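If you look up TrEMBL, you'll see 1-86, 303-341 marked as region 'Disordered'. As annotated by TrEMBL, compositional bias 'Basic and acidic residues' applies to 1-10, 304-313. What TrEMBL lists as compositional bias 'Polar residues' is 38-47. The domain 'MYST-type HAT' feature in TrEMBL is assigned to 84-399. Residues annotated as domain 'C2H2-type' in TrEMBL: 124-152. According to TrEMBL, the feature active site, proton donor/acceptor maps to 277.
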C-alpha cells in the first residue's frame, strides 16, 4: 500500500510535517576548534530513542557489511533466512507520511516503547536523523528544537535536478556518525527483504540520498533522506555496492537509477570495474536490469555507429522472436567473458564489439553484461561462438 499523508484531524500533537516558523531551529552554532566546521548545540526531545543498544540475534554472526547483504554465505550474515520476514510494526510515520513496513526490523525496543503509554504498533521516525519514538509530541519537539537537523550528515559529493537531490558521503569509520548510521540502517531494514543488520561500519562508505524541500531558511533548506547505498572501501570481489535502499515514497522518478549510476561513477573514478554484491534482492535486481539495459545499449550503439559491417545480410536474425532466441544456445567455450565478441545485426550486415570494450566503456562487469543479454532475450542467434544482437532491440533499450 502506498504511503498516505497524515490528516490534521488524526493528529494527537502539532503537525509532524510542519514547515515555516514552526520548523525553525533554535540550536546555536559555534566554530569547531579542529577545522572551522560548525557544530550545533541542541535541545533534544526528552525520550527520543537511539538504537545504540539494539538487541542482536545471538545465533548470528556479524556480516562484513555495515548494512545487511542477501548472501547466504554464513560468514557474511548467518541467520538471514530464519523463518518468515513479517513486519513487527503496523505503521511507521516518516516525513509526515504513514508507511506500512514491508519487512521486520527487530532492533527496535518495542517493549520499552510500549511503556510510554502510546500504541507501539505506530512508530514516529525523524526523516533527517532517524531517531524514533511512539510519542508524536516528542518527535515534533525534536524536529522543532534540534540544531543537529539543519543540514544533512556527511560531505556533499553530487547533486542533480538543479540541486533538488543531493548525495552525501558518510565514512563508516567516523565515530561521530555511528548513531546516525545505526539509526538509518535500522529504519532501512523495514524495506529490504531477507536481511540481517549489524553495526560494524568501519570498512564501509555510505552514500545518502537527500531531497531538498521548499525555500531555504537563511543558508539552510528543509530536507528529507530518501535512501542510501553502502559500499566496501576495499572489495576483493569487485563489488561497488553492498546494499541499496530507497524508501517507498521515493521509488518512482528514477532515483534508484541515479544511485546505481553514481555507484558506477565512484568505481570508475578510481579506475575500477565493478558491480553489486550478489545475490541481489528482487527489487534491487529489477533496478539493475533497467540500468544495465539502458547503459549497455547506449554504449553498443555509440561504438558501432560508424563501423563497417561484414557485408552479410542479417534479415533472418532481426526477424527472430524472443521465443526463438531462447532456443539459441552458446557453443562450448572456455573463453573468459571479456574475450567474447558481440555481433550487432541489422539489414546491412553485422558489426562486432568485444565485451571487454563494453565493460570498460560502462564500468559494468563482463559477467553482468552477458547475463543481461541472456536474461532479456536480446541474443537472436549464435554465430561461431559469437552472440548476435538485434540493433532494433538495442534502440528500444536505449530509450
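Even glycines carry a Cβ here, placed using N, Cα and C.
No curator has checked TrEMBL annotations; they are predicted automatically.
Summed and averaged per residue, pLDDT over the domain 'MYST-type HAT' (84-399) gives 80. Annotation note: residue 277 (active site, proton donor/acceptor) sits in a coil segment as assigned by DSSP.
Just so you know, the Cβ of the residue listed as 'active site, proton donor/acceptor' picks up 25 other Cβ atoms within 10 Å once every protein chain is counted. Note: the domain 'C2H2-type' (124-152) comprises 13 helix, 4 strand, 12 coil (DSSP; helix = H, G, I, strand = E, B).
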